[in-house]
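Step one of this worksheet: look at the structure below.
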Amino acid sequence: MLRIPVRKALVGLSKSSKGCVRTTATAASNLIEVFVDGQSVMVEPGTTVLQACEKVGMQIPRFCYHERLSVAGNCRMCLVEIEKAPKVVAACAMPVMKGWNILTNSEKTKKAREGVMEFLLANHPLDCPICDQGGECDLQDQSMMFGSDRSRFLEGKRAVEDKNIGPLVKTIMTRCIQCTRCIRFASEIAGVDDLGTTGRGNDMQVGTYIEKMFMSELSGNIIDICPVGALTSKPYAFTARPWETRKTESIDVMDAVGSNIVVSTRTGEVMRILPRMHEDINEEWISDKTRFAYDGLKRQRLTEPMVRNEKGLLTHTTWEDALSRVAGMLQSFQGNDVAAIAGGLVDAEALIALKDLLNRVDSDTLCTEEVFPTAGAGTDLRSNYLLNTTIAGVEEADVVLLVGTNPRFEAPLFNARIRKSWLHNDLKVALIGSPVDLTYRYDHLGDSPKILQDIASGSHPFSQVLQEAKKPMVILGSSALQRNDGAAILAAVSNIAQKIRTSSGVTGDWKVMNILHRIASQVAALDLGYKPGVEAIQKNPPKMLFLLGADGGCITRQDLPKDCFIVYQGHHGDVGAPIADVILPGAAYTEKSATYVNTEGRAQQTKVAVTPPGLAREDWKIIRALSEIAGMTLPYDTLDQVRNRLEEVSPNLVRYDDVEGANYFQQASELSKLVNQQLLADPLVPPQLTIKDFYMTDSISRASQTMAKCVKAVTEGAHAVEEPSIC
């Protein structure tokens, strides 16, 4: 069953979306021949005229058509002539027929496009000099290429009242050409039916009908797909032109998905963040936190080293003084008297440098803020803590069981993949945990973790659904593993996954077991041998503690001896810095070339877009300098040498943009039998239940005024956020 209209689903197929609809193997053998301006091309039945033209490299103008959305056919800019046909046809919506000769540059085609463009420009305001879309506007480009050189319109232009849909998207609806891309994105990709049209003909308007915030974690993507300047970025308004900015390809670290992004900078400042195409991860979308939290990069920053004086106050100092103090304390302790905690935004290079430094003083107490059970297989088997099916792999699944997670806010782009498969492939989804709005229908099996034992034993009705599935996925949220019975939950999920693999029709290379992480540094830290959670530090408090970007509040001053010497190294004055005796300012992800590993085990690199503010430096360089002053010099001086060291410890960390398949599920299941199987009666409640919990989850987003406005708008309404009254 298709959950979108059949005609729209078939006509809207493109290279990027064909894989998500199951087709018969005979389709490829039934190719038909058509001609584009006399040039022969072989295409599959159902291919549209527009797709056939693109196959031979002929670009057809369009406004409403988008490769990842259903076909609307309402802008008519893609009109082309078919030889011997009485009228021009809309190329985006018309399937080709055998023997057709498509004329893309005939006089009839040119006249039709010119007429459509004239109608579109009739009511369009001459805002180009003050429009934020200027320089990357489809209407500008296509009016130059396909429009007339003069206007015949003398009547008054219509004006439309702007809509307030929140603090992120700025609307100037007089510029709207009713292409409905934003409406289709909202309903099909984001799964939120907040946008629609009212009125008809000249009175048609796009909006929310009643004034309200556009309640979606993916709302910023409508800015990218809007072909005109009707929808632009509020935080970016009137700040820069696209040709003034320098573009740097990088990745996002706001969650564990690792979305590919482009960082636009000017004069050493991040001006905006845009999505970058990566079919296996984020396609061409990014979350609102990824897109709009960049203003947090210039607020609450640590720009100079600081030390705590005799009065207990933190004061500025030099790098030499700060590092000398830390080195002196480091030389005073040995073994587990020295410990470290790594936060959620730390890169792999800093993790290996800190590990090597503490190993020099015979300490192996290196912990992460996130807990992951070490009982049973624990972190010894890499497949035990990865999203093994991969992010794109969910499009092949036929059943998904979500356990203790809300992927909509923990991993928005992964949730969009699930919705895509649910929409096109008849994917069946079930959830164990608190009921949440996932933007697609699912079976709520309850919120008790004991349901896992019923499914494993076969006594639960959903057990049969899993047994009959050909490609099932069990996805366990990392938030569920923070509980006291996290080990038992992991063991139960591992047991279910292994039983499905061995007793149903699952193919040998299909991976059932999946862990969905929430933070960017966790997989790399586990790969490098960090201990998940701070239990070891709480049981045996150290005399010296390194907090490497640790702002999760997992440990407080009260948990440590009064004389414990705390060093905080990071880029924001958030939770960790105020309790430190020495603060070492580090670089944020836009200010360094660094390695991060996403939840599926894919290593990727951030790139230097701007220089760190003030005296801040890259984390691994700070640790390397500290080691030299302390007389225990680490054996690397360059970034390449650090990455060679990464390769020695864990080769996966330098196999960039590659996912290595792991298949140790049977061993993990056997080892899980050694775990205490006792489950608590407490319900599984993910920490991010609503969109209000999505916006401020790390030191960067908590420093962002834009994210604070989003929380206020969600809580009090879009009208509660005052915006400057300019254009």
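Using N, Cα and C of the backbone, Cβ positions are placed for all residues, glycine too.
Counting only same-chain residues six or more apart in sequence, the Cβ atoms lying under 8 angstroms from the Cβ of Cys64 ([2Fe-2S] cluster binding site) belong to Ala72, Gly73, Asn74, Cys75, Met77, Cys92, Cys179, Thr180, Arg181. Annotation source Swiss-Prot lists [2Fe-2S] cluster binding site at Cys64, Cys75, Cys78, Cys92.
The [4Fe-4S] cluster 1 binding site annotation in Swiss-Prot covers His124, Cys128, Cys131, Cys137. The Cβ of His124 ([4Fe-4S] cluster 1 binding site) lies under 8 Å from the Cβ of Leu139, Lys157, Thr174, Arg175, Ile177, Val228, each of which sits 6+ residues away along the same chain.
Swiss-Prot lists Cys176, Cys179, Cys182, Cys226 with the feature [4Fe-4S] cluster 2 binding site. Within 10 Å of the Cβ of Cys179 ([4Fe-4S] cluster 2 binding site) there are 26 other Cβ atoms, across all protein chains.
Feature annotation from Swiss-Prot assigns domain '4Fe-4S His(Cys)3-ligated-type' to 108-147; the stated evidence is sequence analysis. When DSSP labels each residue, the domain '4Fe-4S His(Cys)3-ligated-type' (108-147) comes out as 27 helix, 0 strand, 13 coil, counted as helix, strand and coil in that order.
What Swiss-Prot lists as domain '4Fe-4S Mo/W bis-MGD-type' is 245-301, and the listing cites sequence analysis. The domain '4Fe-4S Mo/W bis-MGD-type' (245-301) scores a mean pLDDT of 96 in the predicted structure.
The Cβ of Lys84 (N6-acetyllysine) has 7 other Cβ atoms within 10 Å, all protein chains considered. As annotated by Swiss-Prot, N6-acetyllysine applies to Lys84 (among others).
DSSP gives Lys499 (N6-acetyllysine) a helix state. Under 8 Å, Cβ to Cβ, and six or more positions away along its own chain, Lys499 (N6-acetyllysine) finds Ala456. Here Swiss-Prot flags Lys499 (among others) as N6-acetyllysine.
For Lys709 (among others), the entry in Swiss-Prot reads N6-acetyllysine. Secondary structure at Lys709 (N6-acetyllysine), as computed by DSSP, is helix. Sequence-distant neighbours of Lys709 (N6-acetyllysine) (same chain, 6+ apart, CB under 8 A from its CB) are Pro167, Val721.
Look at Swiss-Prot and you will find 1-23 tagged as transit peptide.
When the binding-site residues Cys176, Cys182, Cys226 are screened for a C-alpha within 10 angstroms of the C-alpha of Cys137 ([4Fe-4S] cluster 1 binding site), the residues that qualify, in sequence order, are Cys226.
Taking a C-beta cut-off of under 8 angstroms and a sequence separation of 6 or more, Cys131 ([4Fe-4S] cluster 1 binding site) has the following same-chain neighbours: Cys137, Ile172, Arg175, Gly229, Thr232. Secondary structure from DSSP puts Cys182 ([4Fe-4S] cluster 2 binding site) in a helix.
Inclusion criterion for the binding-site residues Cys78, Cys128, Cys176: a C-alpha placed within 10 angstroms of the C-alpha of Lys84 (N6-acetyllysine); this criterion is met by none of them.
Taking the Cβ of Cys78 ([2Fe-2S] cluster binding site) as reference, residues of its chain lying under 8 Å away and at least six apart in sequence are, in sequence order, Leu50, Ile60, Pro61, Arg62, Tyr65, Ala90, Ala91, Cys92. Within 8 Å of the Cβ centroid of the [4Fe-4S] cluster 2 site, not counting the listed residues Cys176, Cys179, Cys182, Cys226, the chain contributes Ile177, Gln178, Thr180, Arg181, Val206, Ile222, Ile225, Pro227, Val228, Ala230, Leu231.
If you draw a 10 Å sphere around the CB of Cys137 ([4Fe-4S] cluster 1 binding site), it holds 19 other CB atoms from the protein chains shown.
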